[in-house]
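I have placed the structure first, in the form of structure tokens, so that the comments after it can refer back to it.
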Amino acid sequence: MTDSPLAELRGAGKSYGTLRALHGVDLAVHAGRVSCVLGDNGAGKSTLIKIISGLHQHTEGEFLVDGAPVRFTTPREALDRGIAAVYQDLATVPLMPVWRNFFLGSELTRGPWPVRRLDIARMKRTADQELRALGIALDDLDQPIGTLSGGQRQCVAIARAVHFGARVLILDEPTAALGVKQSGVVLKYVAAARERGLGVVLITHNPHHAYLVGDHFSVLRLGTLELSAARGEITLEDLTHHMAGGTELAVLEHELARAGGADPAPLPDQRDPRSVSSPREGTT
Amino acid sequence: MSAAGPAVTVPPAPGPGPAGGRTRQRPLALRLLARPEVGVFLGAVAVFVFFLIAAPSLRQGGSLATVLYQSSTIGIMALPVALLMIGGEFDLSSGVAVVSSALTASMLSYQLTLNVWTGVLAALVVSLAVGAFNGWLLVRTGLPSFLVTLGTFLILQGANLAVTKAVTGNVATDDISDMDGFGQAKALFASSFGVGGVQVKITVVWWLVFAALATWVLLRTRYGNWVFAVGGDRDSARAVGVPVTFTKVSLFMLVGFGAWFVGMHQLFSFNTVQSGEGVGQELIYIAAAVIGGCLLTGGYGSAIGPVFGAFMFGMVNQGIVYAGWNPDWFKTFLGVMLLGAVLVNLWVRRTATRR
């Protein structure tokens, strides 16, 4: 990795009062690469993206954008530096029309101040173009976005971030609530965003999805970095093993075997990673 | 990039279809029903027709002007209350805030023998400050608006009485009708004009002007977009860069502005102010907004809906009198209307947002 990272965490951490949610985490986001952050519920994934996207501030370590230390106090500041987060639940306002959601917070206007008004025609046209550029065709841009499926909403949010010049795109569990087919659609957009030269941070707890598109993998565990490896340095089996609990799993297996009655054969996780069904997400 | 994947809505299609992506619009009836003011419009027409039949004396122009006047005094306040509600909050202090504003203007002008416009401007500052305080406290503490504004409501209610008694030695303020600037202020806030031999109060004009302005702001400006967003999903709004604090605080200040305007109207039509009034009016404003199709939990509604909501109030209020019925039934009538409106709105929203 010779190019300098767009955004970088160095030994970053975050404490909520006495609770240390994140500690000593290093993460680099490069243009045209997908950095996957994996971890179980409560591992600190959400805290990590909230720091990068400006919702929370780190309490230790450094956060650099283009090599310079920053401390965002609002998501707006992060957006102005080209860092956009797409949240699983936080992306849209359900009762508002699709086009209003697309431009929310960055509305296009026309006319001088006292009568400065929304440029509705241009916003609808642009939203339609951007969505179709990503292969999303909607019946009616005036329908409330809450009537779309989870995958569609996710894609609208991604298209929105790409349109507004995001250089770093943070995706929070984009596939957690989706079916197999819709997950595939979302992962294609992730790949498409990477091809456009964006740095993508993909938060997930599904190692299979991560391995399909990831260039670098970080596994979080109880708020610290358990593993940080480039794609060439790790196999899907290793990744799944780390993700599934690693050494803890071996201990558990041992205990289960000793308890009697349990099958002493290795747990299926280690033998065949593809048989692991990822737990459904509750946001961490 | 454009071949990135199949269209999500129609899985078998390889991409956006020739129909420009909009393969099918929802039926016109559904899209019409999705407008928040449709239910209340039909309700207002029904009540109007009902009382025109039940109370023949209502058919005269003068009676209708009275109905419109009654509606406008509720309607002017119902507008900012509705915008605030769309923004996800409500304000229990709005009723007594009207009286606080009127008291401020009246006592300040009278006691210091100033031009009434000084009092009017001071009252505006006080009203905006009360709104800003409500909003600031709400945003800072994260407490529900019910608690914050209940506190302000009680504070203002007590202060209205106590300060008035301390300053004037009475529960009402002194008559200011012979003071400098009274005529001008009355012309602005409380005059009448003739239309075809019928005297119409100027508040009716202000009501409709404000409603048009609020509709434009809500549907055609960035600020309107933010109002819907902070009420619909405050966290999402914040995450995409909407200034949530500014939007909420300014909405509370808008209610303060409305309270000031109605307060000035009361002061310059009656020349004095009763310090104990206003209690309970806040619920009337909230009811008018809800009947007008605004969602109590925020994120949905219109500015034109509360216009019809306030009109229904005025119509029922005067209609009962003109029909010669016992006016004690007024509140009961309102309660039935409110529940009916809520049920209709619930049904409409479910139908309209279904795919």
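Don't overthink the numbers, they just go from 1 along the chain as shown.
Each Cβ is built from the backbone N, Cα and C atoms, and glycine gets one as well.
TrEMBL entries are annotated by machine, without manual review.
According to TrEMBL, the region 'Disordered' annotation covers B:1-22. Look at TrEMBL and you will find B:32-55, B:67-85, B:116-139, B:146-163, B:198-219, B:240-263, B:283-300, B:307-323, B:329-348 tagged as transmembrane segment.
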Candidates B:32-55, B:67-85, B:146-163, B:198-219, B:307-323; stretch with most C-beta pairs under 8 Å toward the transmembrane segment (B:329-348): B:32-55
Contact between the transmembrane segment (B:116-139) and the transmembrane segment (B:240-263) (3 or more Cβ pairs under 8 Å, separation 6+): yes
Feature contact check the transmembrane segment (B:198-219) with the transmembrane segment (B:283-300), CB under 8 Å, 3 or more pairs: no
Dominant neighbour of the transmembrane segment (B:307-323) in B:32-55, B:67-85, B:146-163, B:198-219, by Cβ pairs under 8 Å: B:67-85
Outside the transmembrane segment (B:67-85), six or more residues from its ends: residues with CB under 8 Å to it: 58, 91, 94, 98, 200-201, 203-204, 206-207, 210-211, 214, 218, 227, 231, 251-252, 254-255, 257-259, 261-262, 265, 281-282, 284-286, 288-290, 292, 294-296, 298, 301-303, 305-307, 309-311, 313-315, 317-319
